[in-house]
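Feature annotations, reproduced from TrEMBL:
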type	residues	note
TRANSMEM	36-57	transmembrane segment
TRANSMEM	69-92	transmembrane segment
TRANSMEM	98-116	transmembrane segment
TRANSMEM	188-208	transmembrane segment
TRANSMEM	228-249	transmembrane segment
TRANSMEM	313-334	transmembrane segment
TRANSMEM	340-358	transmembrane segment
TRANSMEM	370-391	transmembrane segment
TRANSMEM	397-416	transmembrane segment
Amino acid sequence: MKIFLSSLQWAAFILVGSIVAPIVIGVEFGLSTIEIAAFLQRTLFVLGCAALLQVLFGHHLPVAEGPAGLWWGIFIVYAGLASSGALTEVAALRQLEATMLISGILFILIGLFRGVDKIKRLFTPLVTGTFLILLVAQLGGSFVKGVIGVGYLTDSVEPKIAIPAIIILVTTILLSRSRYSFIRSYSILMSLGIGWLLFYLLGLTKPLEKHSGVLALPKIFAFGIPDFTAGTVITAAITTMLLLTNLIASVSVIENVIRNQTGATSIQNFNRSSFWAGINQGLSGLFGAVGPVPLSATAGFLLTTRTVEKLPFILANALIIIISFFPAFTSIAANIPSPVGYAVIFITIASLASLGIKEYHSLELTERELFIISLSLMVGIGCLFIPSAAITHLPNVVMLLANNGLILGTVVCILLEQLFKIKERIQNEKE
């Protein structure tokens with residue numbers, strides 16, 4: 001029973017963190033309801049496969065895979081290009097398929113030639129802490145708006161949605177802090193069920209879409225044959241490096257959480273993780289899905305539920321794959337009220353900030369470290385407030401970087417720390 005409930009909770013966590021991106025992207029590209037459902041199906045299939053490949057052959061950790069925020073942003077940028085007339089929707093989607101295939105090849109090459117080890121040295125507690133704080137800052141706005149119902153039924157705050165969603169948020173917090181370990185372990189699953197039922201009783205759930213056919217397999221090259229261009233190569237190269245930093249940071253954080261809870265120690269092989277990440281990116285391009293990335297939010301999930309065993313995680317992802325074959329189940333999964341999903345995961349995201357602060361506390365903070373932290377956070381958080389319309393005239397690559405405070409702030413932190421280390425090394429050599 002414990003394994004069953006833990007698996008169900010993992011599956012709920014994965015679903016809640018995965019269904020929003022395909023739906024939003026589909027709307028941006030003007031896809032029909034049936035096309036969006038198929039896009040969601042393919043994304044869930046790829047995410048389930050990606051997580052299984054990594055836990056069995058890659059980093060060997062229970063780390064949920066979700067739609068990469070960076071890929072999400074790139075899809076939205078290409079949707080903007082299509083709406084402006086620079087590309088057709090079909091051409092944009094085919095170029096995105098090509099970009100993910102190229103990214104997969106680059107990930108595999110980096111893993112085979114053991115290039116990750118050099119990059120891993122850059123991810124000190126200072127960098128990891130900054131990454132986590134910026135991640136919460138970047139996700140915070142979306143989660144607050146999601147909880148109060150902005151974009152669910154209308155684009156304004158709806159008290160009839162916000163009030164029950166906030167009640168679910170408070171319920172999740174109370175359950176996760178319960179004195180009973182059973183309740184703490186399944187707080188997310190319980191809150192999701194209570195929230196879904198509450199929204200249903202209040203008449204706030206959306207009607208289920210009817211689908212013809214019982215079984216549907218994911219379609220290969222759903223948007224057509226990939227369109228390889230110079231732009232896709234450049235975008236893929238930069239995206240791969242940024243996703244690699246995300247991979248290292250996310251897995252490192254989750255590894256620390258598991259080590260603190262179990263006392264188990266392991267030597268992580270990030271080259272192997274990079275290889276399988278390449279396979280996963282390739283699957284995304286092959287099936288026309290949103291590219292996956294290890295979810296840092298898994299650390300918060302593990303802290304909240306204390307479920308670190310691999311078996312429930314493996315069973316949950318197998319369930320996600322099976323669900324993706326059945327349009328009826330995919331439709332039900334997509335019917336989870338988004339305010340409930342945001343409310344249930346809210347505390348999980350918030351707990352990432354505490355992990356970031358703990359990373360800082362593990363350091364001997366001098367004026368140098370404080371300077372690096374403050375400047376990196378200033379750049380990263382400041383980028384979140386740049387209006388998208390102000391940078392639409394810039395090259396795609398520059399536009400993506402300027403719009404991603406998480407990555408830009410992390411890169412600034414890495415550069416500053418390395419520059420100070422080089423300066424210190426030169427001074428020591430002179431002495």
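Our numbering is plain: 1 for the first residue shown, then up by one each step along the chain.
Any Cβ shown, glycine's included, is placed from N, Cα and C.
Fair warning: this is a prediction, and the values are worked out from it, not measured in the lab.
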Cβ contacts the transmembrane segment (370-391)/the transmembrane segment (397-416), at least three under 8 Å, sequence gap 6 or more: yes
Recorded stretches the transmembrane segment (340-358) and the transmembrane segment (188-208) touching, at least 3 CB pairs under 8 Å: yes
Contact yes or no, the transmembrane segment (36-57) and the transmembrane segment (188-208), 3+ Cβ pairs under 8 Å, gap 6+: no
